[in-house]
Amino acid sequence: MVGLSAHHRPLGCRLLILFCLLHPGASGQPYPTSNTAGEEALSVQGVRGSSVELECRTGPAPMAVLWSFTPLGSLVLQPVAVTSGASSKVESGALALGVVSLRNSSLVIEELREGARGHFLCQTLLVSGGQVHTAYLYLMLTVLVPVSKPRVQLNDPSPVEGVSVVATCAVREGTEPLTFSWHHHMPQGPGEVLVGLSEPRLQLDPVNRTHLGWYTCSVSNVVNQLKSDGAFLDVIYGPDKPVITVEPLGFSEDGFWASEREEVTLSCLAASNPPSHYVWFRDDSQIHTGPTYIIASASRTHTGLYTCLAHNRHLDTHTQTTVQLIIYYPPEGQPSCAVLPTLGVVTLLCTWPGGFPNAQLHWEGPQGIGPSASGNVTWSYTTTGLPNGSIFSCTGQHPTLAMPIFCRVTLWEPPGSPTCWTTATVGDQYIMLSCEWPGGEPPAMLSWLDRQQSLGDLGSSQAVHLLQAQSDLAGREFTCQGSHPLTAPGSHCRLRLEVPQLTVAEPRVSVLEGEEAWLGCALQRGTPPAQLLWLGPQQQQLEGSTPGFILHPEGTHLRLQVRDADPAHHRGTYQCVARNALGNSSQSVLLEVLSECKGFVCPCGYPTPPNVTISRLTYRRQRREVQLQWAIYGPGNLTGFLVQQRASVPSSEAGAWEVAASDIEPESRDRRLGGLDPGVLYAFRILAMNHHTAGYPSEVKTPVDPAFSAYPAVLGAAGTGVVVALATSLLVFQYAARHPHTFPCTETASTTSSSDPIQESIDAPVNVTITVTATP
């Protein structure tokens, strides 16, 4: 008996010997590709470029599997792959079949090639009943080839109507049988139409103009179906006999007629491909080329015979048609309708002068027919109870007109109410009162009133009045009164003239030297609209071009940005001024620029304050507050402290320092700071102040959670224990007080500035073991 000695090693000599026993023939020698008598190879199909899996169904798990391949037309059996379960090997020559791999005992071929078409033999080594057996499985693999994209070929892409045309659907490759279908799409047609089945050739005999358009063919086999690009068949034909149309359309016994001074359009159309070339004649004289001839203003001299000649230049053929045009002269244009506004009544006017005879006109309204007259007619109509959107029509009739001609007037109530606004003009010397109430028909009438006294004349849809600017206009109220026939009296709007009022964001701003300062003010009210501006400490107007200053207008707000604050140039009182034609108002903002001095005496005249160090910085109230404690050292006078914060630890990406507290008394040594975001890590520093002189900033620290206190636990144990436990606990606290660094602390070490003269010493940690025994 022959067996495998190991399942987790590469193929060894014993396995190779077994396969030599399995292999009926040597590699490269002829070997019968069919099974024994009565057996047939299993048929398997695969698609080129896809994957196929050849299964070797052998029953029990085999000890080894060998796959071989015999191409069609060959008797040479070629090894493909071998596996023992624990290891496998694929022959390099298997690349001709595709990307070959083994999945258990199955042979998987990806990116299948046509060279894989042929017979496959699966030989397996089995152990059954203590004996080694071999099994064989024959498979026949058929590789199917998808059809390639077809292409339509026309023997004549531009035939003349009446000849024979053949279209061929050419396919480069594809497994037969192939199925063909033809589709036709006319340029102005609704869509594709099936015109042929099964044949690769489509014959159009004889071809006519209905065959013009795009032709596509579809080819399919068992694998796929593809459609060709369209091929255009351009059928040459025509021209047919031209058809002449006249607009506006009017028929007479001898042809067409049109009204004098109307625009008359004569159009000619003759079916032809390529399109016809058109030439117009009047009484045998050429007057125009092109399919359309337009008489911009017809007169009686345009009466005559008009001929359209259509010419196909490709075939050099032509046809023609002649019609007669007669010009009549009714009244010019059409009736003209107008409406005049009066209180409670509308006066409707309709006129249509000229023509022979005069046109007959009559009005018709929502409640019936109105008056009639010749040439012009007037109708005064009471608007009481008249709905919005009422339509009045004036009908004009003339013997030369087949249909009456209308003009219409629709009465519309203007929406809403009048709208008032005011602007200043000519250097604030005048104030312009403006009032508007659009959208009405007839237009609304508007007028300005001052204490019920009319100002100026009535205006239609809009009223404007100029006032000379003067201070006594402040507080005065002006009314714009509107009226319309369809609305109830009393529609108005009012304006109150006011001197501007403003407010500042902060009346006092303090920044350190070299930092940015922001001063803000907002306009609260003012009519006419006011202009905001900033004045510097020397009462000079600050503009966008002023060095060191940037203005940020935001609607009714104007913010002033002071860059690189300098106490010598930027300290002082700034004014935000609001100005309109009635006057102005202002608010002051004091900007303090605090100096950081490097020596004992600052250039500003105040001695340098002492240095400050942060001794404790802990969180409070779920990290929404911090408790800050500090100490001072070194000589110097002080008048207070300044605390700064920023939303990150010090780094190149850290934000600018912001003032967290500045009104701290000189005797204070702690401060609680609130308004923090629990999700943000803050950094803090503190400076001592001597009037406007700032000392060195302290080291930068970030807050930590408060350390755990052992007092409650110890006292509880002492209360329930013996005196010995109490004495031992007191010894623990005494030792901790003398050696604070021997106990762990949750506060992280802070970074001290390199300029800080004081460096903290850190003792080496001491391990202490304390045992407390309490007896209840």
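Note: Cβ is positioned from N, Cα and C throughout, glycine not excepted.
As annotated in Swiss-Prot, N-linked glycosylation site applies, among ASN376, ASN584, ASN637, to ASN637. Swiss-Prot lists a disulfide bond between CYS169 and one candidate from CYS122, CYS217; that candidate is CYS217. In Swiss-Prot, the cysteine linked to CYS56 by a disulfide bond, out of CYS122, CYS268, CYS308, is CYS122.
For CYS435, the disulfide partner named by Swiss-Prot among CYS394, CYS407, CYS480 is CYS480. Remark: CYS480 (disulfide bond) has PRO418, CYS420, LEU433, CYS435, LEU446, SER447, TRP448, LEU449, ALA463, HIS492, CYS493, ARG494, LEU495 as non-local neighbours, by Cβ distance under 8 Å and separation of at least 6 in sequence. Summarised by DSSP class, the composition of the domain 'Fibronectin type-III' (608-708) is 0 helix, 50 strand, 51 coil. Around CYS268 (disulfide bond), taking its Cβ as the centre, 25 other Cβ atoms fall within 10 Å, counting all chains.
For CYS576 (disulfide bond), the spatially nearest entry among the disulfide-bonded residues CYS122, CYS169, CYS268, CYS308 is CYS268, judged by CA separation. Of all the disulfide-bonded residues listed here (CYS56, CYS122, CYS169, CYS217, CYS308), CYS217 has the Cα closest to the Cα of CYS521 (disulfide bond). Considering only the disulfide-bonded residues CYS56, CYS122, CYS169, CYS217, the residue whose Cα is spatially closest to the Cα of CYS268 (disulfide bond) is CYS217. Note on the domain 'Fibronectin type-III' (608-708): mean pLDDT across this stretch is 86.
CYS480 (disulfide bond) carries a strand DSSP state (E or B).
When the C-alpha distances from CYS308 (disulfide bond) to the disulfide-bonded residues CYS56, CYS122, CYS217 are tabulated, the minimum falls on CYS217.
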